[in-house]
Amino acid sequence: MVDILTYVEVALINSAPGILYISWCFIERQSIVKKERPVNLDLSTIQFPAAAKASILHRVSGVIMLVSLAFLIWAFATSLSGPEGFAQVESIMTSFIAKFIGWGILTALGFHLIIGIRHLIMDMGFWEELDSGRASATASIVISIIVSVLVGVWLW
Amino acid sequence: MVREAGTFGRSGPHDFILLRASAVVMLLYVLFMVGFFASTADVTYANWTGLFSNLWMKVFTLLALTGVLVHGWIGIWQVLTDYVKASGVRAFIQFVFSVGLIIVWLTGLFVLWGV
């Protein structure tokens, strides 16, 4: 690899002083390869940028809702099957665990929807700069958290 | 080479459009349902079935479920192609989700049919 790169540089320089430069390059390259590079594996000091957080939250919430479809379609079918079925779903939804699961699904929906709207707006060419992208990602996450709290208040 | 295997549309741009079109349909449906629950103080069996017995509501619901089918299919494909590198495992998970989504769509159809 070093030989190939050096060869390219020879071709680029193609002059008498170049010989000196080539040998300098060769030494420099070797020292770069051997040099200890800064490594940061302290995970507490590494943070995703806001846009990456928004992106991963969008994906995670999407998969959560996809899995929860099994429960949702059951609740939909049962609640419309007759008065007994409706009463059954209604009584299940009074338990804490069912409410908590429902809250989780609606929270996932809120995150997915709000971050999704940001994606649609970005498709139109807005918020593509570093500052506006960061601000809109942070805003979408903050709004989603507020919606999640409101959903909790509504459920309990 | 069948590069499009597993996607919903026939090409990347087609998937791109389908994903966004289905998102808009489902967004409208969610807003409607939020409106329904906000305006209905006590959801009873009578007004719940009353809502879904309307023809327009059946169409709207099935439209939203079609959105779920398309959006879920493409969405899980995007996630799987990024994180699951073993093609056999990826194909299996995609199969499970795709069949599940079709089951959800068909269940919705027959439930709506009977209301």
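Glycine is treated like the rest: Cβ placed from N, Cα and C.
For the transmembrane segment (B:17-39), the list of distant contacts is 8-9, 51, 60-61, 63-64, 66-68, 70-71, 74-75: same-chain residues at least six beyond its ends, Cβ to Cβ under 8 Å. Feature annotation from TrEMBL assigns transmembrane segment to B:17-39 (among others).
According to TrEMBL, the feature transmembrane segment maps to B:59-80 (among others).
Taking Cβ-Cβ distances under 8 Å and a sequence gap of 6 or more within the same chain, the neighbours of B:His71 (heme binding site) are B:Leu18, B:Leu19, B:Ser22, B:Ala23, B:Met26. Annotation source TrEMBL lists heme binding site at B:His71.
According to DSSP, B:Tyr83 (ubiquinone binding site) is assigned to a helical segment. Taking all protein chains in view, 9 other C-beta atoms sit within 10 angstroms of the C-beta of B:Tyr83 (ubiquinone binding site). Residues or ranges marked as ubiquinone binding site in TrEMBL: B:Tyr83.
Beyond the transmembrane segment (B:92-113), the same-chain residues lying 6 or more positions past its ends with a Cβ under 8 Å from any Cβ of the stretch are 6, 52, 58, 61-62, 65-66, 68-69, 72-73, 76-77, 80, 84. What TrEMBL lists as transmembrane segment is B:92-113 (among others).
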